[in-house]
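Structure first, commentary second.
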Amino acid sequence: MDLALAPETLARWQFGITTVYHFLFVPLTISLAALTAGLQTAWVRTGKEKYLRATKFWGKLFLINIAMGVVTGIVQEFQFGMNWSDYSRFVGDIFGAPLAFEALIAFFFESTFIGLWIFGWDKLPKKIHLACIWMVSIGTILSAYFILAANSWMQHPVGYRINEDRGQGARAELTDFWAVLTQNTALTQFFHTMTAAFLVGGAFMVGISAFHLARKRHIPVMRTSLRLGLITLIIAGLGTAISGDMLGKVMFKQQPMKMAAAEALWDGEAPAPFSIFAYGDVEKGHNKVAVEIPGILSYLANGDFDSYVPGINDVNKAEQEKYGPGDYRPNIPVAYWGFRWMIGFGMASLAIGVVGLWLTRKKFLIAPGLRTGEDEVPNLVLFKSKALSPKIGRWYWIVALWTMLFPLIANSWGWIFTEMGRQPWVVYGVMRTSAAVSPGVSQGEVLTSMIVFTTLYAILAVIEVKLLVKYVKAGPPELTEDDLNPPTKIGGDTRDPDRPMAFSY
Amino acid sequence: MELHDVWFVLIAVLWTGYFFLEGFDFGVGILTKLLARNRPEKRVLINTIGPVWDGNEVWLLTAGGATFAAFPEWYATLFSGFYLPLLIILVCLIVRGVAFEYRAKRPEENWQRNWEQAIFWTSLIPAVLWGVAFGNIVRGVKIDGNMEYVGTFWDLLNPYALLGGLVTLTLFTFHGTVFVALKTVGDIRTRARSLAVTLGLVTAALALAFLIWTQVDTGDGWSLAAMLIAAVSLVGAIGAVKAGREGWSFALSGVTIAAAVAMLFLALFPNVMPSSLDPAWSLTVTNASSSPYTLKIMTWCAAIATPLVLLYQGWTYWVFRKRIGTQHIADAH
């Protein structure tokens with residue numbers, strides 16, 4: 001059989017494609033749920049109309065996005081059984097539990113309250129309706145936590161034993177569920193993924209607000225959104241960097257191979273340098289070109305500048321001694337460049353946030369002549385009394401718009417790095433990917449499903465982007481009397497039983 | 001009763017919940033072609049399930065996740081074995097979810113018509129395929145000594161399973177029609193009532209044939225009792241909807257679904273997926289289940305979460321309890 005079309009290769013491609021695609025929507029869902037909830041809270045507390053308009057605007061984009069997140073998530077749960085049945089048999093005792101918890105605790109929550117939020121504008125009192133969007137937000141975060149706990153167990157298995165004497169093949173069995181939920185890999189990965197998710201939402205808000213402000217449209221709503229987005233971007237960016245450093249240190253201990261590959265560090269060094277650019281020979285196991293900063297890798301790994309960091313060749317040798325002959329190196333160029341794209345695009349988003357917040361900073365730091373009112377486009381102010389020329393100012397809006405893509409690129413490469421960097425293991429040190437695929441599933445079947453999903457996802461991507469663009473361009477909606485006077489009791493207004501619903505499909 | 005037996009019951013309960021809830025929303029999707037005379041009526045139908053279909057679908061995800069956790073071998077054999085039918089179901093559920101959310105997001109008639117087509121087909125196809133899948137599970141499929149499915153796609157399309165598919169199709173459509181009669185006002189409600197009676201009779205004929213076939217093949221005293229409950233409540237549901245008692249009719253069509261699912265699971269027990277090649281190769285509640293520790297944790301989670309889920313999902317139905325008609329649908333969007 002052609003190796004490029006072997007079921008294992010195809011199943012891995014399918015998993016990669018469906019997961020990265022799913023994860024374009026998930027972080028935006030998580031962050032927009034919370035940001036929309038925040039805006040709606042501001043409306044309920046202050047009664048200012050701009051907050052309600054912002055809630056409706058971002059809420060609509062959130063709904064267009066979450067629809068895709070939900071439907072592509074269904075595939076994720078079932079493809080373990082479809083393409084990875086031997087994996088499911090071997091680890092189902094452990095891996096299934098967080099998935100079931102996610103469904104029982106998080107999915108039900110999220111999906112039920114989203115229905116209440118969408119259709120409840122004219123059926124629920126203000127505060128109860130507000131509580132619904134917060135419930136949705138909690139649901140999305142809980143869901144992420146359980147999935148990341150499951151994934152972390154694959155990165156660093158804990159709280160289990162291998163049961164050899166079942167009479168039907170060995171399997172991994174759970175001995176300590178609490179350990180699975182609270183191990184440092186799960187917690188740091190959760191922290192890192194959450195902050196990265198808010199990076200996506202922050203950039204999304206900044207980009208779209210910039211789009212409108214550059215055209216001098218919907219100014220009060222977009223000013224508020226721009227600042228909320230910039231602050232989110234900065235807090236999330238700093239959080240991502242801190243949690244990324246924490247996660248890196250955890251991984252240096254748990255998966256030395258992954259981090260050596262991320263740095264293209266072939267042979268162990270003390271002190272170890274951080275690589276800026278490398279081009280190497282994978283077969284021979286060395287770099288032909290390497291641009292490095294000395295000592296930084298030692299610091300990233302162990303927190304001091306002189307410590308020893310093992311290289312790819314060292315870890316490979318150690319794993320061969322431990323697990324038997326074989327090649328334990330992941331795809332090194334993917335790990336190396338994936339790591340760099342992740343950090344590069346993540347940091348760039350943060351930088352653009354910092355610059356943006358400085359340029360649009362609060363009034364008292366700016367000369368009176370350059371201050372703007374609530375309904376004016378903010379001047380982009382370089383120094384206390386010097387505004388950016390309109391030409392350069394335009395550039396910031398354009399850059400801000402493109403920044404929307406940066407965290408998505410960083411996220412995608414982050415996952416590709418995390419998952420491919422763990423190869424050839426599906427569960428690190430316990431189960432190899434080649435042992436995990438479904439033995440009874442044919443090449444034709446996997447190929448069919450891969451083509452079907454890829455085509456369907458491509459079509460849906462076009463549809464959803466077009467819809468987003470349409471609703472972004474339309475801007476925040478005008479408010480009606482009904483919007484401003486929600487019902488005071490559950491079940492809605494009874495004055496006119498034939499009044500049209502506030503929202504209908 | 002040991003924990004793996006408890007989880008067999010819980011999985012049956014989750015499927016019952018799924019078929020009860022998504023059963024009627026599949027039915028409503030099918031009715032958009034069968035019952036609605038014009039586009040505003042189509043929108044009335046879609047909006048009867050608007051706030052709840054997403055929550056209904058999660059019962060499937062929970063059934064899937066719970067099977068993975070409680071019976072990993074069953075999960076692995078079932079989903080790798082029924083690969084292509086499952087792929088079709090997944091595609092339908094993807095398109096269906098997007099269709100509900102995106103249909104009204106553009107005013108163009110073409111756009112809306114396409115999504116309406118999608119809603120019809122993606123409701124109809126899974127409604128058939130779930131029956132086919134359960135027919136095959138109960139009947140037994142070609143499973144070898146390594147718990148692997150060794151049959152083909154075409155083996156799944158046998159008369160018994162196809163009859164099962166027709167039963168779920170008609171039963172869900174009937175259930176959906178009763179739901180529409182319960183949730184609407186005006187002309188559409190009257191028509192839903194009379195359509196429900198016709199559909200109910202067709203369902204009764206098909207379901208009776210399927211359940212008797214099941215009873216003769218694999219049944220015992222308990223499954224006979226469940227079958228009788230299903231039959232009596234289906235007749236009651238038809239009678240009630242004819243008499244204009246839609247609430248009662250909906251409750252009884254729900255009992256029919258619950259009893260029919262109960263019957264299938266009773267006919268299955270203690271197997272979870274019998275092998276038609278050699279009974280010794282069948283997957284059972286013991287050889288397919290997780291370790292007692294995992295089952296214990298899951299039991300705690302289910303014991304705490306399930307009542308809460310029922311509570312807040314029930315509340316949703318209470319919040320949206322008002323009947324709707326074409327007058328409640330705003331013109332423009």
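Positions of Cβ are set from backbone N, Cα and C atoms, glycine also.
TrEMBL: automatically predicted annotations, no manual curation.
As annotated by TrEMBL, transmembrane segment applies to B:6-36, B:82-99, B:119-140, B:160-182, B:194-216, B:222-241, B:248-269, B:297-320.
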Response to the item:
Long-range Cβ contacts under 8 Å made by the transmembrane segment (B:194-216), restricted to residues 6 or more beyond its ends, are 34-35, 135, 138, 160, 163-164, 166-167, 170-171, 173-174, 177-178, 181, 223-224, 227, 230-231, 234-235, 237-238, 241-242, 249, 256, 260, 263-264, 267
Practice prompt. Using a Cβ-Cβ cut-off of under 8 Å, list the residues of the same chain that are 6+ residues beyond the ends of the transmembrane segment (B:297-320) and lie near it.
Written response: 3, 6-7, 10, 51-52, 55, 66, 69-70, 290
Fill in: Surrounding residues of the transmembrane segment (B:222-241) on its own chain - C-beta under 8 Å, 6+ positions past either end
174, 177-178, 181, 193, 196-197, 200-201, 203-204, 207-208, 211-212, 214-215, 248-250, 252-253, 255-256, 259-260, 262-263, 266-267
Fill in: Residue numbers, six or more beyond the limits of the transmembrane segment (B:119-140), whose CB comes under 8 Å of its CB atoms
19, 23, 25-30, 32-33, 46, 78, 82, 85-86, 88-89, 92-93, 95-96, 99-100, 103, 156-158, 160-169, 172-173, 210, 214, 217-218, 264, 267-268, 271-276, 282
Fill in: Same-chain residue ranges lying at least 6 outside the transmembrane segment (B:82-99) that approach it to Cβ under 8 Å
29, 54, 57, 60, 115-116, 118-119, 121-123, 125-126, 129-130, 132-133, 136, 149, 153, 156
